[in-house]
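What follows is a set of notes on a single structure, which appears directly below.
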Amino acid sequence: MKRGSAALEVRELKMQTPTASCVLSTQRANFAKGGVPTDDEQATGLEREVMMAARKGLDPYNILAPKAAAGTKEDPNLVPSITNKRIVGCICEEDNSTVIWFWLHKGEAQRCPSCGTHYKLVPHQLAH
């Protein structure tokens, strides 16, 4: 009698478990037209977290390109830092092959020693 009840349990379990073809057809329905998944459908983990934050206009891991500013005293380029100073590299001119490196300290905006572009250090919190 136990053997019969065990067989019934196995049969019920098989009926509740989706088959491979059922799972595949469900996945295909979620893919973009043509059967290739979009980035949103395929992204997982940190990549998905970054994509969702970017949609909201956030950059929690500071991986996106910084927003360009005029570089004037009134509108300096903002440089995020977790400390009170940071080393900055300025290319100065578009076709320049060298980088001018200098220390940027917390406080007022500072100028590049070569071209005069203004930079300002701003506090940045690390994503935890």
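Each residue's number is its place along the chain shown, starting with 1.
Backbone N, Cα and C atoms are what each Cβ position is placed from, and that goes for glycine too.
What Swiss-Prot says about this protein:
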type	residues	note
TRANSIT	1-30	transit peptide
MOD_RES	K67	N6-acetyllysine
MOD_RES	K85	N6-acetyllysine
BINDING	C90, C92, C112, C115	Zn(2+) binding site
MOD_RES	K120	N6-acetyllysine
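Here the features listed in Swiss-Prot are painted onto the structure.
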residue: K67; record: N6-acetyllysine; Cβ contacts under 8 Å, 6 or more apart: L78
residue: K85; record: N6-acetyllysine; Cβ contacts under 8 Å, 6 or more apart: W103, L104, H105, K106, L121
residue: C90; record: Zn(2+) binding site; Cβ contacts under 8 Å, 6 or more apart: V99, I100, W101, F102, C112, S114, C115, T117, Y119
residue: C92; record: Zn(2+) binding site; Cβ contacts under 8 Å, 6 or more apart: I100, C112, S114, C115, T117
residue: K120; record: N6-acetyllysine; Cβ contacts under 8 Å, 6 or more apart: P76, N77, L78, V79, L104, E108, A109, Q110
Let me check the 10 A CB neighbour count of C115 (Zn(2+) binding site). How many other CB atoms are there?
13
